[in-house]
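Worksheet for the structure shown next.
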Ligand SMILES: Nc1ncnc2c1ncn2[C@@H]1O[C@H](COP(=O)(O)OP(=O)(O)O)[C@@H](O)[C@H]1O
Ligand SMILES: O=P(O)(O)OC[C@H]1O[C@@](CO)(OP(=O)(O)O)[C@@H](O)[C@@H]1O
């Protein structure tokens, strides 16, 4: 971002000055120099000698050199030592620090520029100010996001927790478990230290502005089948039999592609449509192996394996497949510690080879055990970079599951360099390494060790993603792939990319049925709803002001179309798939009327809102199935999209981005007059909420 602005440093102690600010982890490079501001405003500032400093990923590029100032016509030189470090801040600390910042903002002027005015490049500035002031303007609508594990947590550590290690009570010091920090915006602060003897020492370093940086214990997040959760609540299930194949007597042996196990033949209808139909076909015709699928990642470090593993896990879970991510790096860290030097990864290091194969086998055993316990798709995340390793995994999979190798290949040195830098910042392998450059050096050496023995995939069933980051110019190679689920996985990967862009989700403005507590229908907006439509248009005009293009998606119901009508400047698309859940014969009723007139239906929905299907209507699972193409299209889009839809539909869409378990979907809070901004970027998914009115 071309910035022109200044931030004044505050005197922390007699000998120290601090400059502290928050940046998103993937912020664009900031260029700056230190200035000395003399006491009397008339004397011009003194700019430090040397090249402009560059801040990337919260870290100063190159050697962090001292700051030199020439005073009194070069007769005197003032030296300041400079330290800089980026640390994580949790979203909650961030919100708190934002409030403090706003309360304490003291606009002052350095070189005639108001402080804290980091302007975007002048070409973007508008008469009423810069994007930065625009940002401030929208910020006062910001409300805290729900405290779920931030979707962009350090990916590998959201993976399954090693079952075997927990059973043996292996050492799980909190710092190891918790050291897998949650990736969130970094707080950067720098201070200046005066190195000359006769001057006060002014040290420059960073504060860890958030000792408890919102670390959330990493835990395996499996989606248990609702039945497993409902065991204790065997309820009145109104079995309509629609979309759920008649089951053999021993229902427990049957796992539908939707990943749900049946406790008994008389059960609720499962996911309708393609998923159920395919599941029946697979069950009737496929081998047991085919019902269980292992996606085995292959690739050199920093090629996006974990990133892809997390994204694919999220998508398959959302489709209702019992899916879990197994990250071998996490197993290695827990078994051998998080500070293995590059030598550990040398191919001529027998102990290293032994240890790495041991944890890989351990993870594979856990995954197979998990499959025997009901899991359906295991995402096995490691480099798996030699045929020998992949052969070991194939032998272990025999009779248990089918393996599809998923290789990520990247030939763009700039992207690889960026990935490596992100890695050093994020990975627990370098969490205790204070010297960024040393970490960078070590990781590059590790990379060389892997490159020496890397054997690209050529065996079995495989998918190769080659330079797929931008969603264009890359290619996807497929070999020996068949079946419903592998086909959907290929389709998902082909439509995914990493180009950062926001997705804004919001319900329609309050409708007349909302006022009366009636569900469904196709009513117009209330006056309050119309006011929201105007506010939404104003918000979008500001929020998307600097976007080249964007699209507005609504359902075909008038409450969303009317909400979108004040928005100008962007094409609008009506999706039938975005229509609210079909409440069938209950359409237009209030919940009280349903409870009074159709108590069985009311009770049945209360017992299992996810799979309950209204008579001649839909279940949440049905809604999720019909939103599949919407998710694919949202993944494919590279420009911002504003989705104006309904409570149940938005719960389903939001649960995909927030990786919420299916069972939680029907209860996700989805208030009126609130915008949820999902930022899909290189670090995964981040969320921000704006409440435009009560
Ligand atoms: N297909 C891809 N090609 C190149 N880089 C990618 C790809 N997918 C994701 N990335 C980027 O690589 C970075 C590091 O990826 P990561 O998943 O940690 O690598 P790995 O697991 O292969 O070591 C991610 O932050 C992401 O921005
Ligand atoms: O699944 P529940 O919690 O009933 O929520 C879905 C209901 O929400 C409503 C409002 O009550 O959606 P909408 O956003 O369209 O107003 C109903 O139309 C819909 O039936």
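Using the three backbone atoms N, Cα and C, a Cβ is placed for every residue, glycine included.
According to TrEMBL, the protein has these features:
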- 507, 508, 509, 510, 511, 512, 513, 514, 559: substrate binding site (BINDING)
- 1-73: domain 'CBM20' (DOMAIN)
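Taking the features listed in TrEMBL, we show where each one sits on the structure.
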residue : record                 : contacts (Cβ under 8 Å, 6+ apart)
507     : substrate binding site : 644, 645, 646, 647, 650, 670, 671, 672, 673, 674
509     : substrate binding site : 525, 526, 528, 529, 530, 531, 532, 533, 536, 559, 562, 563, 672, 673
511     : substrate binding site : 521, 523, 524, 525, 526, 529, 559
513     : substrate binding site : 519, 520, 521, 523, 588
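In sequence order, 515, 523, 525, 526, 529, 563, 672 are the same-chain residues whose CB sits within 8 A of the CB centroid of 507, 508, 509, 510, 511, 512, 513, 514, 559, the residues recorded for substrate being left out. Residues 507, 508, 509, 510, 511, 512, 513, 514, 559 are recorded as binding substrate; their most distant pair of Cα atoms lies 14 Å apart. Residue 559 (substrate binding site) has a Cβ environment of 28 other Cβ atoms inside 10 Å.
Secondary structure at residue 559 (substrate binding site), taken from DSSP and collapsed to helix, strand or coil, is helix. Mean pLDDT, taken over the domain 'CBM20' (1-73), works out to 72 on the 0 to 100 scale.
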